[in-house]
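A.B. asks: Pulled from Swiss-Prot, these are the listed features:
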- ALA207, PRO208, THR209, GLY210, SER211, GLY212, LYS213, THR214: ATP binding site (BINDING)
- 577-589: compositional bias 'Basic residues' (COMPBIAS)
- 383-544: domain 'Helicase C-terminal' (DOMAIN)
- LYS15: N6-acetyllysine (MOD_RES)
- SER39: phosphoserine (MOD_RES)
- 68-94: region 'Disordered' (REGION)
- 575-596: region 'Disordered' (REGION)
- 163-191: motif 'Q motif' (MOTIF)
- 316-319: motif 'DEAD box' (MOTIF)
Amino acid sequence: MDAHDLFRRLGVGAKFDLRRFSADAARFQIGKRKYDFDSSEVLQGLDFFGNKKPVPGDCGALRTHQELPDEEKTEESQIERKKQNRKKKKITSEITSEEEVSTIQWISSVEAKIEDKNVKRKNKLTSGKLEQLRKEKLNFFRNKHKIHVQGTDLPDPIATFQQLDQEYKINSRLLQNILDAGFQTPTPIQMQAIPVMLHGRELLASAPTGSGKTLAFSIPILMHLKQPTNKGFRALIISPTRELASQIHRELVKLSEGTGFRIHMIHKAAVAAKKFGPKSSKKFDILVTTPNRLIYLLKQDPPGIDLTSVEWLVVDESDKLFEDGKTGFRDQLASIFLACTSHKVKRAMFSATFAYDVEQWCRLNLDSVITVSVGARNSAVETVEQELLFVGSETGKLLAMRELVKKGFNPPVLVFVQSIERAKELFHELIYEGINVDVIHADRTQQQRDNTVHSFRAGKIWVLICTALLARGIDFKGVNLVINYDFPTSSVEYIHRIGRTGRAGHKGKAVTFFTEDDKPLLRSVANVIQQAGCPVPEYIKGFQKLLSKQKKKMIKKPLERESISTTPKYFLEKAKDKRKKVTGQNKKKVAPEDKS
């Protein structure tokens, strides 16, 4: 139907008002035509056989052979006119009604189409509003739990472990193990990290110490692997210390009980080479290890372990492993990453603190990485009461330590020192105070370290002296007090140290000794304490901040401190002189004999 037909149909029944628009009608010659000739003449010309005679004034009407009277003729003509008018009206009304019906139908169809479009628009708007409301709810949920996420196509967080069954079809035995272990609701890091890994996305995650990061990567790994196979290791977990690796291994074994997964840890490289070598049956699924032992196996010819089937590579305490120098494992990690050649491999980095180097590396090397952090970045746990204690000098530290012992404390207690030598010195000083104290450091054998950790967990040891490396990730349940005997070299190290207490929502306390020599490092640690809501002396806030170069220098080369000893200097110098005399006498030459 074109525009002309539409206009014609819409104009049905419209009449032109000749009286009102007479001038326009005359201009366009609209109206009745006035004839200036007699119609009888026309009729007479048409009578070829001369049968009829013209009647003047008949206006073209022909007379019949039998003429009717004027009255009857008038009545008959009126009746005929009425009939003709009725027929015309009927025909016109039928035509009009048909046209109106078709017009109405067409208009109704147009209206229906317009209504359909409006409904679709409403539906679109409704779906858009629903999506917007859903996003607002998710943002509210994340803000409530202090979850910060960066990335594209972010998976929705979970609020309960039952959602893993509803949305991801978790193994019923695995879910039961989670609930039996006492984990009723997921922690904030678990709420977001678990869905991210279940969607196969690469991850950089940071959360406070004791917030459940081990469970955050253990659950999705076990769900992803689904069931045991004989393809070799399909998941690899790297940690900086053997103690932390042992802890992760223990948690995974508990979590996977009854599922059949074979979870291994490298204790001795020689045994591992035979067990996991090329001639092995490959009846294993998950490996937990430290970098050095794994590198030793990879460098053998042929390699003592095959990582080509690894689908998930998790690096725990990633900021420590990415450090340069003797304490870091950056070179070893590069070799491990290259050994995992599967096209399915995904990587996840977990830590309590964000390191700039790790974040930049992840953004450059990981595919569509999602960054998840809980709380403020590089902040301490809010459940820990933090205190700075000025002790004046190195001698004052030991006096303050003994004062704490006299006042009484609630064990277990962790004491952090700067080096292995200082750990030994402090151990020899405290062992005579009548308290159960022990020390753990790298110079002790693995068996001694394991026994010490086991005794500390069992409550047989009240005070454990250790170096900073032990602060990484190890979960000592129920630690009530952390003492930073030597001031930490950075705010990151401080966060990891005090994170050994106040875990899983429990309250804890951290006391940090500082001397005049620690003044350059005070400002950064004081900021962390203040952010956690703990009081900081006003004069410390006025100290200058260290430049980044100075910070790195302090980390690589810590302050040289005096030896830990309460023996007065007079007796120390006297003993020193005595040793010199003894050594001097031993060096004296015997006089030659007189031969004459």
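In case you wondered, yes, glycine gets a Cβ from its N, Cα and C as well.
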A.B. asks: Short question: which residues 6 or more past the ends of the motif 'DEAD box' (316-319) have a Cβ under 8 Å from it?
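C.D. replies: Hits for the motif 'DEAD box' (316-319): 204, 213-214, 217, 237-240, 244, 248, 349-355, 357-358, 472-473, 492.
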A.B. asks: Would you mind checking how many other C-beta atoms are within 10 angstroms of the C-beta on LYS213 (ATP binding site)?
C.D. replies: 25
A.B. asks: For a quick check of understanding: among the binding-site residues PRO208, GLY210, GLY212, which residue's Cβ has the most other Cβ atoms within 10 Å?
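C.D. replies: Of the binding-site residues PRO208, GLY210, GLY212, the highest Cβ count within 10 Å belongs to PRO208.
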A.B. asks: Please list the DSSP helix, strand and coil residue counts for the motif 'DEAD box' (316-319).
C.D. replies: 2 helix, 1 strand, 1 coil
A.B. asks: List the residues of the same chain that sit at least 6 positions away from THR214 (ATP binding site) in sequence and have their Cβ under 8 Å from its Cβ, in sequence order, or write 'none'.
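C.D. replies: Listed in sequence order: GLN247, ILE248, GLU251, ASP316, ASP475.
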A.B. asks: I'd like the per-state residue tally for the motif 'Q motif' (163-191) from DSSP, helix first, then strand, then coil.
C.D. replies: 19 helix, 0 strand, 10 coil
A.B. asks: I'd like to know which of the binding-site residues THR209, SER211 has the most other Cβ atoms within 10 Å of its Cβ.
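C.D. replies: Going through THR209, SER211 one by one, the largest Cβ count within 10 Å is at THR209.
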A.B. asks: Tell me the Cβ neighbour count for ALA207 (ATP binding site), meaning other Cβ atoms within 10 Å of its Cβ, over all protein chains shown.
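C.D. replies: Step by step: centre on the Cβ of ALA207 (ATP binding site), count other Cβ atoms within 10 Å, giving 25.
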